[in-house]
Structure formats: C-alpha cells, structure tokens
Amino acid sequence: MIAPVSIRDPGAPAAPGAGARVALVTLGCAKNLVDSEIMAGLMSRAGFATVPEVGDADLAVVNTCAFIGPSQRESIDRILEMAALKREGKLKGIVVAGCLAQRFQAELLREIPEVDAVVGTGQVDAIVRVMNRVLRSREQRILEVGPPGTAVDLAAHRAVSTPRHLAYLRVADGCDFRCTFCIIPKLRGDLRSRPLESVVEEARRLAEAGAKELLLIAQDSTSYGADLYGEARLPQLLRALASIDGVEWIRVHYTHPKTWSEALIRVFEEEAKVCRYVDIPLQHVTDPMLRRMRREVRRADMERLIETLRSRLPGVAIRTHFIVGFPGETEEDFAELLDYVRRAELDHVGCFAYSREDGTPAGRMKEQVPERLKLSRRRTLMAAQRKVAESVWGGWVGRTVPVRVDGAVPGRAGVWLGRVEQQGYEVDGVTYVRAPSGARGPRAGDLVRVRIGRARHYDLDGEMVA
C-alpha cells in the first residue's frame, strides 16, 4: 500500500474552484499511483487543495486495487475506514476510484451507502466534475464508469508525488495477453501505448524538475508501441530517453518473457543509462503450468532468455514473481519450481499464493488447490529464496559500488537509505549508507561510492568512500 502523500504541484495556476481539501489514498501498484498523481494535478488546477492526511481533509478519494483477493480486501477495508469517518462527521464525501471501482461499480454504491461516487479506470479525467457534483449535492450518488481503456493521455496534468530525484513514467496501459489467472484486461482494457513523442516530452519535463531516475511502467512494457506502430518500439523509446540531459538511470519494470527482442537486449548492452536490472515475471517454470496459465512461452524459452541476459549484461539483476497453488499444480510441478528457485540464483523473487478470481478462466478450472496447501507452498518457496538471497547479496560484501541516495533514515543519525543499480525503488532491498566521521552526508538523489561491509538477506550496508 502507498499511504496518503503530499503532492508536488505541476506548476499551473489554480483555477477558481471549490477550495475543498482532498486526501488521496492510493492502494496497489505504481501504475495506480500515476493515476492518483494525475487526479491530484487536475484537482489542484481546479482549486482543490490536496492534503497528506485524511484527518485534515473534507473529501477522500480512495484509489483502489483489485488484482487479487487480498488487494480487494485491503481496498474495501480502507473504504470502510473512510465510511466510519464520514459517519462521525469527519469527512463530507468519499469517492472510490481505480480497479475495484471498475470491477464492482454499482455494488459499491449499493453495499456502502457512505460512498458518494464511483469513478472507473477510464474516467480519471472526470474527477474534477465528479468532486464538484459531490460537493453540490449530498443526496445524489454518482456512477462515473465506462468501458476500460477509454482514458486519454493526461500525463501533462500529473502532480508528481515521489522524491524529486525519481519519477514513474507510464508508457502504456492495458494488456493484449490473456493469462488465465489475470483480471487486468477486464479492468484496464487492451494495450494502449502513448505516442513516443508524448512519453519523451514528459520525460524531459520530469528531468527538468530534477528527476535523475525514470522508472518505466506499464502492464506489459516490452510490447510498448505494438498497437500504434505495428511493432514494439521500446528499444527506440529507451534510446530517446537516454539522450535526455539530466537523466542518469532508466529502470524498466513489468516486461514479458515472450516480447523480449534482440533489439531490446542490444539497448541494454549499449546504453549506459539503462539499468542492468530486468523485471520479468515468470509465474512458473513447468510447461504444463505455463500452458494452463496461457503464458505463451515454454520453460526452455525463459531459461534461454535469462541465460542470454546474464551472458550479455554482466552484473544484471533479475527480478521475478511466481504463482504457487495454481489450479492443477501437482507436487511434482511445485518440486520442479522449488528446484529452479534454488538453482537459478535470482536476485529478487516475489511469490503469490494463487487467488481464485471470478471472471477469469482459471477461476472456472477444476483441480483447485486447497488454500492451506497454497500458503504452505508459498512459505516453502520464499524460505528457499531467502537462502539464495543471502548468497547472492553476500557476494556484494567487499565491493565498492555506486549507490543512489533516496534520503535519510528516520531516527538514525548519520545513516542514509539508498540503492545500487540492481535494486528497484520500493520493491526490492535497500542499501544503508553511512558517512565517515566528520564527513558531510549525502543529499537525496546523489550518486555516491560506497564500500559494502555487510549484507543482510536482501539489504546491503556500507560506508561512503571518496
């Protein structure tokens, strides 16, 4: 979960507006955060004041996630918290946005009477109109939901909320793959790429505002441009972004193993600004499971890709996710996955226990795995990966490496939080940085040289050197 945040105003003069104070509560992934930043920018220009704490707000916008069962429950819990505040007279209005709003629409209005409005994933641009209607009429409840995938390019309106030295850069929304476990195409629609020129222009604005690191996000980054240009254009986009003054790191998230190309690998080889960091969810490794998941790749394809990446990109970090307990997963399937995790020496691994979702092909499959067994398999896999991580990250001890500083560690004088190139922002381990006695400490965004003295599972710890 991403807590309520303070928003950096995009700089446009505020138009006359309601003057109401709005708290944005963002749940789920970074793509949802970008939607919240767009809504914050639109509301700021319309005269609303965004505040970081719900307790200081007149209105609350809960931007929800509905990817799997636990994220749906978290979203509902936060909405109910807002509903309790409204009953106590501490909030005047509640708007629910995001994927849960897109998925359940009228049910939210029916089941939670304190909710004043529901805004779908394709109606982000309607947030100001909806907020004004909520303020004008407390009796009228609003359903502003259309087909997924209808939103326009609103990046120019973003009020970026991340630390100044980094920013997310959403290059596309939606997905053309139809994995049997995934509800996202129903919530976000088919792949819709932004024009290359629009992405580059936004990146220039972000760099001018101080962003040194760009984090590229989409549902499927490696397919970027296929819908607009008839072919994937991520390689061309990365080269264009690498030419922007001020940009130092470009980190690509959410790639798909099927849509990697020779041209893309060459960009990672040749462009120093593109991080040696590959985020590539594999989901499973046995061919029967991959077929049932409709991943459109075989184990041999994935192993060949990872071998190629490691041989051609020395020092590359591989980040991935797996699903355990998918319908039909046998003890043999899980044992094969567990063996792969133990041998593959992956740098970052996340694991979901399969969540049965209505409206997905996998949700209708027979051979559903018992919940307790799913959770047991997840614990076993993550325990195995923890040992792998101790070995992988232990290999960094004694090295002197560049570290991007994200800020001071609260309550720990003389200690800063940072990341090596192989650690993603807010999703992986971190590097703790200590300044030598008497030395000036670093500032957020600085790239400093650090001698690594200790590794603690997924985290590193070291001291700045001249």
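The backbone N, Cα and C atoms fix where each Cβ goes, and this holds for glycine too.
Copied over from TrEMBL:
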| type | residues | note |
| --- | --- | --- |
| BINDING | CYS29, CYS65, CYS99 | [4Fe-4S] cluster 1 binding site |
| BINDING | CYS175, CYS179, CYS182 | [4Fe-4S] cluster 2 binding site |
| DOMAIN | 20-136 | domain 'MTTase N-terminal' |
| DOMAIN | 161-391 | domain 'Radical SAM core' |
| DOMAIN | 394-466 | domain 'TRAM' |
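Features recorded in TrEMBL, as mapped to the structure shown.
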{"residue": "CYS29", "record": "[4Fe-4S] cluster 1 binding site", "DSSP (3 states)": "coil"}
{"residue": "CYS65", "record": "[4Fe-4S] cluster 1 binding site", "DSSP (3 states)": "coil"}
{"residue": "CYS99", "record": "[4Fe-4S] cluster 1 binding site", "DSSP (3 states)": "helix"}
{"residue": "CYS175", "record": "[4Fe-4S] cluster 2 binding site", "DSSP (3 states)": "coil"}
{"residue": "CYS182", "record": "[4Fe-4S] cluster 2 binding site", "DSSP (3 states)": "coil"}
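The two recorded residues, CYS175 ([4Fe-4S] cluster 2 binding site) and CYS99 ([4Fe-4S] cluster 1 binding site), have Cα atoms 14 Å apart. Each residue contributes its Cα atom, and for CYS65 ([4Fe-4S] cluster 1 binding site) and CYS182 ([4Fe-4S] cluster 2 binding site) those atoms are 13 Å apart. Close to the recorded [4Fe-4S] cluster 2 site, the chain also has PHE177, ARG178, PHE181, ILE184, PRO185, GLN219: residues not among CYS175, CYS179, CYS182 whose Cβ is within 8 Å of the site's Cβ mean position. For the pair formed by CYS99 ([4Fe-4S] cluster 1 binding site) and CYS182 ([4Fe-4S] cluster 2 binding site), distance between Cα atoms is given as 13 Å, rounded to the nearest Å. The two recorded residues, CYS179 ([4Fe-4S] cluster 2 binding site) and CYS29 ([4Fe-4S] cluster 1 binding site), have Cα atoms 19 Å apart. Taken together, the residues of the domain 'TRAM' (394-466) have an average pLDDT of 93.
Of all the binding-site residues listed (CYS65, CYS99), CYS65 has the fewest other CB atoms within 10 A of its CB. Here the CA atom of CYS29 ([4Fe-4S] cluster 1 binding site) lies 15 Å from the CA atom of CYS182 ([4Fe-4S] cluster 2 binding site). The [4Fe-4S] cluster 1 site is set by CYS29, CYS65, CYS99; from the centre of their CB atoms, other residues of the chain with a CB within 8 Å are LEU27, GLY28, LYS31, ASN32, THR64, ALA66, PHE67, SER71, GLY98.
Taking the Cβ of CYS29 ([4Fe-4S] cluster 1 binding site) as reference, residues of its chain lying under 8 Å away and at least six apart in sequence are, in sequence order, CYS65, PHE67, ILE217.
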